[in-house]
Amino acid sequence: MKPTIALVGRPNVGKSTLFNRLTRTKDALVHDLPGLTRDRHYGHGKVGSKPYLVIDTGGFEPVVDSGILHEMAKQTLQAVDEADAVVFLVDGRTGLTPQDKIIADRLRQSPRPVYLAVNKGEGGNRAVLAAEFYELALGDPYVISGAHGDGVYYLIEDILETFPEPEAEEADAKHPVFAVIGRPNVGKSTLVNAILGEERVIAFDMAGTTRDSIHIDFEREGKPFTIIDTAGVRRRGKVDEAVEKFSVIKAMQAVEAANVAVLVLDAQQDIADQDATIAGFALEAGRALVVAVNKWDGISEERREQVKRDINRKLYFLDFAKFHFISALKERGIDGLFDSIQAAYNAAMIKMPTPKITRVLQSAIERQQPPRAGLVRPKMRYAHQGGMNPPVIVVHGNSLHAISDSYTRYLTQTFRKAFNLQGTPLRIQYNVSENPYENAEDKPKKKPLRRVSLSNRIEKREGRKEEKNRFKKKTKVSVKKQFSK
């Protein structure tokens, strides 16, 4: 699995800026107001062939006993427990503060490796900036600049050196590898028990650490499956809800290692933002998805209609996924769930012939042309498959940058229906034919127009008249000579 790096530090030391640098995005809000990043934010990064996950935590206020800052501190401690490495960020301009010392004391108690990074070090003397932070006893400080990127590469390179090279992904397996994901207490443990059997689960519960993730191979109705069982989703005991509700690292890691994700929802609870967040991770990773709405047997008909309305409203972006209304405790609906897992896997791994893809594209264009963007109408010529898990269709043509999102959705639905792509995301990429004269500098230079003055034009005209007169005189002379002879 990808190593997870947690960014920890007091408010306004530049964690969100460093997060943006490491993930090459601007997903985390960046502002000078201390404490702006309220909850943990997650992103993907890669150095060479080594991918990683980054957690952008809220500002660490360990001395506060109540209020939102206290909740942010608890989330940070949870992030430290779940991460594989911790980057402790301090402010090189402000210098060492008492709060930095308190945070360092907490981090020294953690079994995770801690890397001390002195941020905002651009333009300064590195030795001078780092000197006072040796007092924290966290090793040699890295002087970096999250805003400008100075020293960031060496920091991440040193962190990733301690982790092995990534092995071939389990997602490339020749059979469904699925992970059961979802919020706490929605019935993931009960579903895992229903799938594997109580004794098998208890045996695996006895081994491993809180960071272990177990791959269990099994067969159902003669078909092979592998379930990714993340530690801590079964019998964790009572966990602080304020911390646990933001814990999605295990879900992210499980999704990365699987080729199908099974999202479990609780029919007895309202659809929460965290449900949509976890579903979004699976969608962003391009994984096939099956949704299991658990505890369906314990609610009234009126509540069932309400749940369906909430799903349509809050999980509208999962229109490609198959929803199953099950009871894991009574093992109802499990067979249909496995049928959808197999179908979603088949759709994610489908191989589509190029001629058929192009025919479907041309048929879609005949039914509905892409709308104009100003004076330009996009022209799509042909398409082919560009990848699997998820399926990718690459469309070639001209002016494809002008294709609207609504038309892309139209093409997506058309391809999905033509190839029966149920349960998997489908991505469409536009490959625009290059225009060699796109840049003004590359255009062939036109010869400048010659501006001829009026006097020059008159002289040329007079010269032509004189030449005509001379020609006429010569003609008359030659005619006279002929007659004289």
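Backbone N, Cα and C define each Cβ position, glycine as well.
Record features, source Swiss-Prot:
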- 9-16, 56-60, 119-122: GTP 1 binding site (BINDING)
- 182-189, 229-233, 294-297: GTP 2 binding site (BINDING)
- 457-469: compositional bias 'Basic and acidic residues' (COMPBIAS)
- 470-485: compositional bias 'Basic residues' (COMPBIAS)
- 3-167: domain 'EngA-type G 1' (DOMAIN)
- 435-485: region 'Disordered' (REGION)
What is the total of other Cβ atoms whose distance to the Cβ of W296 (GTP 2 binding site) is within 10 Å?
22
Looking only at N12, T57, N185, the binding-site residues on record, which one has the least crowded Cβ, with the fewest other Cβ atoms within 10 Å?
N185
Looking at the binding-site residues G182, N185, W296, whose Cα is closest in space to that of G121 (GTP 1 binding site)?
G182
Please report the distance from the Cα of G9 (GTP 1 binding site) to the Cα of N185 (GTP 2 binding site), rounded to the nearest angstrom.
31
Of the binding-site residues N12, K15, T57, which one sits closest to N185 (GTP 2 binding site) when you measure Cα to Cα?
T57
Considering every residue in the domain 'EngA-type G 1' (3-167), what is the mean pLDDT value?
79
Using a 10 Å cut-off, grab the number of neighbouring Cβ atoms around the Cβ of G182 (GTP 2 binding site), all chains included.
25
Nearest of the binding-site residues to G182 (GTP 2 binding site) by CA-CA distance, picking from N12, K15, T57?
T57
Name the one residue among N12, K15, T57 whose Cα is closest in three-dimensional space to that of K188 (GTP 2 binding site); these are the binding-site residues.
T57
Hey, how far is W296 (GTP 2 binding site) from K15 (GTP 1 binding site), Cα to Cα, in Å?
42
Validating a neighbour-count step here. Other CB atoms within 10 A of the CB of G121 (GTP 1 binding site): how many?
24
